[in-house]
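Below are the structure tokens for one structure; questions will follow.
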């Protein structure tokens, strides 16, 4: 196969340049397809209302819901992180993906029905209705925005930068800024519907490219049996450092783990202990899949509850594939390129990938640039760009929703739809600017622990949120005081672990971290279990010692009362009163509310084009504002969780089938 290589003077300095017509044509065709879908959604969907922009008008059927859930979850961090951890330690990291098969069913069957009957757009808004007060909603909004910027965006930016460096040799800043610009354009212009349609397209691009590369990789290594025959012998030949403080490196630092072929590992000595993987990971996954804005927003856009459940099942089936499309190819990359992917000498690793702690993160990009022929190499670049753009676009849109609905409306409670839409789009621009400013930090933090980084940060900050959401949905006795102080207490515990670990660093086998054992010895997933239990006990204890919330405020806000027909007195009703309506306080009201008419001269042609581009043209609807009866009918439709019994049985049987498949695979690779 033809390769375009610039030979460097040292190991790791080779640059494969995608400068041939076949690769360029594939990349151009992909971008034209994505832009075309985004423009189509601009014409097709209603972006002139808050509900239309943020919830896709509640019109999505099951297959784009499921594809969007999967595409929003699978970013370039998964390609780089899962393959890298697979190269470093074997199959166990796939447990992060297969655990989601069960948790995503909890989302569709237990959590989403309550979110729908509550009539909310954002998760902090649900807690506002459930508990009253402002401090929980504000706390969760700020925490979510913090996690978006410093974990999700940073991971995607880092992993995208790794791939671009390996595949293109372009300037990192120019490449990533261009990607962010394109992502921002179709996020700002298209709203959630554009994201969900482009997510669907990109899901197929991601899977097609990953399947092709997996086929090449298995062919190169000698098939499935060749992988398991050769992986334990995949060791670097360079094991002596010129640094006197390092010298001869212990074989335990460069030999593959003896338990590399097992998902469930020793509870004490394992790098992913099985109790932590089964329990601690479920807690962190529960936060991500059941209360994270990026994921839940996709479900809330579903046509009805049956379509949402079917979408969750489709997402679950898709989550079976990363083991075979990412983890195993990462292991194959170590077999094929042990001196690069499995490097252990600090100065060698520095030359190969720019960091001294290890280069396992280049496992997947290395396969692409070494194995793929012209055209297909361009396809894989398009796959990685699709993953990066999909994940970033999801974060931009969802963080825009959070900021607009949960923070800005506290500052401007009487803001109309037009102002809220404008602020939401400006927030996307601000997030892009922060992302670009964060690039030097991400580049300086290139280490061998990408997937551990995101999971550990989540384990230190997410369990209190998981505990509060679980208790909020299933324990009516929990009140605002208990929930708030449970969150605060959990945050303090998490920071007590997070700050020392990042101050001392995670270290490596060659140069272990100096972090005191009292703070850093406990595995981060074990710590997640401890943090979840402590936060839950604190929340329950304070709730039981203080006054309960009367049941009249809880109808359709807790799981046991999701079918209640009683009229609910919302604890946030004070925000709905006043001379001017607040369009963001009811999940259905804003979905039917058109932008307020402004008596002003007709805008010129240029301004009309700009307003249409941003989804703010008043001529798009072609109909008068809805009547009070129409608003009420729309609200009832959005909060309806009734299902056709026949289709409900179909999705229930499919859920059982998916769980059976998942249990078999867990047992087979245990």
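Counting starts with 1 at the first residue shown.
Any Cβ shown, glycine's included, is placed from N, Cα and C.
Pulled the feature table from Swiss-Prot, pasting it below:
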- 1-20: topological domain 'Extracellular' (TOPO_DOM)
- 21-42: transmembrane segment (TRANSMEM)
- 43-61: topological domain 'Cytoplasmic' (TOPO_DOM)
- 62-83: transmembrane segment (TRANSMEM)
- 71, 74, 387, 390, 391: Na(+) binding site (BINDING)
- 84-91: topological domain 'Extracellular' (TOPO_DOM)
- 92-112: transmembrane segment (TRANSMEM)
- 113-134: topological domain 'Cytoplasmic' (TOPO_DOM)
- 135-164: transmembrane segment (TRANSMEM)
- 165-171: topological domain 'Extracellular' (TOPO_DOM)
- 172-193: transmembrane segment (TRANSMEM)
- 194-215: transmembrane segment (TRANSMEM)
- 216-273: topological domain 'Extracellular' (TOPO_DOM)
- 253-509: disulfide bond (DISULFID)
- 274-293: transmembrane segment (TRANSMEM)
- 294-307: topological domain 'Cytoplasmic' (TOPO_DOM)
- 330-373: topological domain 'Extracellular' (TOPO_DOM)
- 343-349: disulfide bond (DISULFID)
- 353-359: disulfide bond (DISULFID)
- 405-422: topological domain 'Cytoplasmic' (TOPO_DOM)
- 423-444: transmembrane segment (TRANSMEM)
- 445-449: topological domain 'Extracellular' (TOPO_DOM)
- 450-475: transmembrane segment (TRANSMEM)
- 476-480: topological domain 'Cytoplasmic' (TOPO_DOM)
- 481-503: transmembrane segment (TRANSMEM)
- 504-521: topological domain 'Extracellular' (TOPO_DOM)
- 515-520: disulfide bond (DISULFID)
- 522-545: transmembrane segment (TRANSMEM)
- 546-649: topological domain 'Cytoplasmic' (TOPO_DOM)
- 650-668: transmembrane segment (TRANSMEM)
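On this model, are these features tucked inside or out on the surface, and what's nearby?
The average pLDDT computed for the topological domain 'Extracellular' (1-20) is 48.
In the three-state DSSP scheme, residue 71 (Na(+) binding site) falls into the helix class.
Only residues 6 or more beyond the boundaries of the topological domain 'Extracellular' (84-91), in the same chain, are considered here, and those with a CB under 8 A from a CB of the stretch are 231, 256-257, 259-263, 271-272, 323, 326-331, 333-334, 341-342, 358, 360-364, 448, 450-452, 669.
Cβ atoms under 8 Å from those of the transmembrane segment (92-112) belong to residues 69, 73, 82, 85-86, 259, 262-265, 270-272, 277-278, 281-282, 285-286, 289-291, 295-296, 299-300, 305, 308-309, 311-313, 315-316, 319-320, 322-323, 327, 451, 455, 469, 473, 559, 655, 658-659, 662, 665-666, 669 of the same chain, restricted to positions at least 6 beyond its ends.
With DSSP classes pooled into helix, strand and coil, the tally for the topological domain 'Extracellular' (216-273) is 20 helix, 4 strand, 34 coil.
The number of other Cβ atoms within 10 Å of the Cβ belonging to residue 253 (disulfide bond), over all protein chains shown, comes to 14.
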Between the transmembrane segment (522-545) and the transmembrane segment (274-293), are there three or more C-beta pairs closer than 8 Å, counting only pairs 6 or more apart along the chain?
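Checked: the transmembrane segment (522-545) vs the transmembrane segment (274-293), in contact.
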Out of the disulfide-bonded residues 343, 353, 515, give me the one sitting nearest to residue 74 (Na(+) binding site) by CA distance.
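Nearest candidate: 353.
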Mark yes when the transmembrane segment (450-475) and the transmembrane segment (62-83) have three or more Cβ pairs under 8 Å (sequence separation 6 or more) and no when they do not.
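Checked: the transmembrane segment (62-83) vs the transmembrane segment (450-475), in contact.
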Taking the Cβ of residue 515 (disulfide bond) as the centre, count every other Cβ atom within 10 Å, in any protein chain shown.
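The answer is 18 other Cβ atoms.
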Quick one, of the recorded positions 71, 353, 520, which Cβ has the fewest other Cβ within 10 Å?
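So among 71, 353, 520, the recorded positions given, the one with the fewest Cβ atoms within 10 Å is 520.
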Who are the long-range neighbours of the topological domain 'Extracellular' (504-521) in its own chain, taking Cβ under 8 Å and residues 6 or more past its ends?
241, 246, 249-250, 252-253, 344, 346, 356-358, 447-449, 452-453, 456, 496-497
At a 10 Å cut-off from the C-beta of residue 509 (disulfide bond), count the other C-beta atoms across all protein chains.
14
